[in-house]
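Let me begin by presenting the structure, written as structure tokens, before commenting on it.
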Amino acid sequence: MKFENILAEVNGFGRFQIRTMFLLVFARMTLPFHFLLNNLITAIPGHHCDISALDDTHGAFTNVSVAQKLKATIPAREDGHPSSCEMFAEVQYNFLLNFTNVSNSATVPCPNGWVYDKTTFQSTLATEWDLVCDNIRLNKAIVTIFFTGVTLGSVVFGYLSDRFGRKKMLLLSYIVSTTFGFASAYSNHFAAFAVMRFFTGCGLAGISIITIVLCVEWVDIKHRTLMTVLMSLDWSLGVMILPLIGHFVTDWRGLIIATTSPLFVAMICWWWVPESARWLLSNGKVHSAHYYLSMCTKVNHREEFMAKIKPEVLTNVVLVEDENRKYSYVDLVRTPRMRRLTLFTGVVWFGLASSYYGISLNIEGFGVNIHLTQFIYGVIEIPSKLMVLVAVERVGRRFCQSGTLSLTGLCIFINMFIPKEKGEVRTALGALGKMFSEGAFTCVFLFTTELYPTVLRQNGLGYCSFLARTGVAVAPMILLLEEFWVHFPSIIFCVLGFIAGTLAAFLPETRNTRLPETIEDVEQNRYCFNVIEVCAIKKTANGDLF
């Protein structure tokens, strides 16, 4: 008897599995909140030098408007608005009579700080610590610091959850994210805020990779795709809710508190979240696995089945190579087929993240405010996930993964030849590319969890997530190559998409197959199909490299 046989008996997609998915919704919705929060808290509103402390020795400013004062003290840009980073060294009183703001007078950096436009945002990081002009790099650095934390957290929580279990590490990720999330909201110094955001990213990475694996390991073969797509919808929902929160909460501190608060509900829900019975069996913890399987049968009204199964019987359900062995990232490259799997999936995740970020930056604005734009981006994701739901069952995981990646690269390639004057066409093509790349992300989580064995699944997903975040960090540096040739970045993103798509086509197909439990399952290429319940050794003659 295999674990899939037990899931079939206890109902592999019943009330227990659906309840588990909903118990994780509040935690998973904080992921798009915080990953996209940087667009709001690092926004730079319109600003100009503060002239309130200007010494008006001649009393010329007594009866003049604010616009006239700005004309006399701050040079105008080409668009007619006041300069953001400099002002006249001396007041140009002649401009009070002549509104033509053209002067060769010397300018100096803003000596008394800045005045910010508070129409959209009451406060942001830029307004809090004056991260504009010469300090603008610090404002942009917050995004890199946050995702560096996500990168580290993917590696750490990937290892810890395979070592100590999914549920315990999920609680730890909740605590880390909540603690440092609220600490960042109350930070009074930029350096302290940067450190808090780094560790917030670490905790959120744990939530990201643990929740998806935990749910997939409780679902039967037939419903794995549906479960993965349903779980990905909470990301789209979060993308659509975030601009609504941002519309009403315009202070950056309040915005961080509002987007972190759902984790308190998540910690309450954690008490009812089950440990992965599959992981427990793979680590020789048969009594704990029996407990959670019994809980599953009770919720799904299949109590009569587990009444016949004793804990000792579960010992043979999953073949344990060595229950005392502790797995680590080294095991990802210790054996030949695992090395190939690790190499190929790593390139796929890196190429996917890089091209996704590249196509996102190539999408022209919709001509609306930032909150509505964010909402539209969330709506765009829904069709891509419905597309994946159908495609992975019709054409299989690897061809769906390969196809969406290749089509993403194709959209970037075609966009290179469309003139910038045709903004609507470029926007439509960019949105289409974003749909394909979002579909690729939805597919890659399902595909990766099915490829790695249970004993290394979190390590494998953590490693892949690490390379994905590295790709996100590298993408901005690739964009700097635009200075040498305008199409250079697009070509690189396009090539990365095609390479990732090509390698994805050589990964083993996992549609209608049971999840591998041990490294030996991967090395022997042992699959057990849902329709024909027999195990077979797939030979390399079928075209696979595994």
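Yeah, the Cβs are placed from backbone N, Cα and C, and that goes for glycine too.
Just so you know, TrEMBL annotations are computer predictions that nobody has curated.
Among the features that TrEMBL reports, transmembrane segment is placed at 21-41, 141-160, 169-186, 198-219, 226-246, 252-273, 341-359, 371-392, 399-418, 430-448, 460-481, 487-507. Annotation comment: TrEMBL describes 87-512 as domain 'Major facilitator superfamily (MFS) profile'.
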Contact set, same chain, for the transmembrane segment (21-41): CB under 8 Å, 6 or more residues outside the stretch: 121, 124-125, 142-143, 146, 150, 170, 174, 177, 181, 200-201, 204, 207-208, 211, 214-215, 227, 230-231, 234-239, 241-242, 245-246, 252, 255-256, 259-260, 262-263, 265-266, 269-270, 272-273, 370, 374
The transmembrane segment (252-273) touching the transmembrane segment (169-186) per 3+ Cβ pairs under 8 Å rule: yes
The transmembrane segment (226-246) vs the transmembrane segment (460-481): 3 or more CB pairs under 8 Å: no
Close approaches to the transmembrane segment (487-507) from elsewhere in its chain (Cβ under 8 angstroms; 6 or more beyond its ends): 341, 344-345, 347-348, 350-352, 354-355, 358-359, 362, 397-399, 401-406, 408-410, 412-413, 415-416, 447, 451, 471, 475, 478-479, 481, 544-546
Stretch contact, the transmembrane segment (198-219) with the transmembrane segment (341-359), Cβ-Cβ under 8 Å, 3+ pairs: no
Distal contacts, the transmembrane segment (341-359) - CB-CB under 8 A, six or more residues away: 332-333, 401, 405, 408-409, 411-412, 430, 433-434, 437-438, 440-441, 444, 448, 451-452, 460, 463-465, 467-472, 474-476, 478-479, 489-490, 492-494, 496-497, 499-501, 503-504, 506-507, 522, 546
Outside the transmembrane segment (371-392), six or more residues from its ends: residues with CB under 8 Å to it: 36, 39, 225-226, 229, 232-233, 235-240, 242-244, 246-247, 365, 400, 403-404, 431, 434-436, 438-439, 442-443, 446, 511
Proximity of the transmembrane segment (460-481) to the transmembrane segment (141-160), 3+ C-beta pairs under 8 angstroms: yes
For the transmembrane segment (252-273), sequence-distant contacts whose Cβ falls under 8 Å of one of its Cβ atoms, 6 or more beyond its ends: 19-20, 23-24, 26-27, 29-30, 33-34, 37, 40-41, 121, 123-125, 128, 167, 170-171, 174-175, 177-178, 181-182, 184-186, 214, 242, 245-246
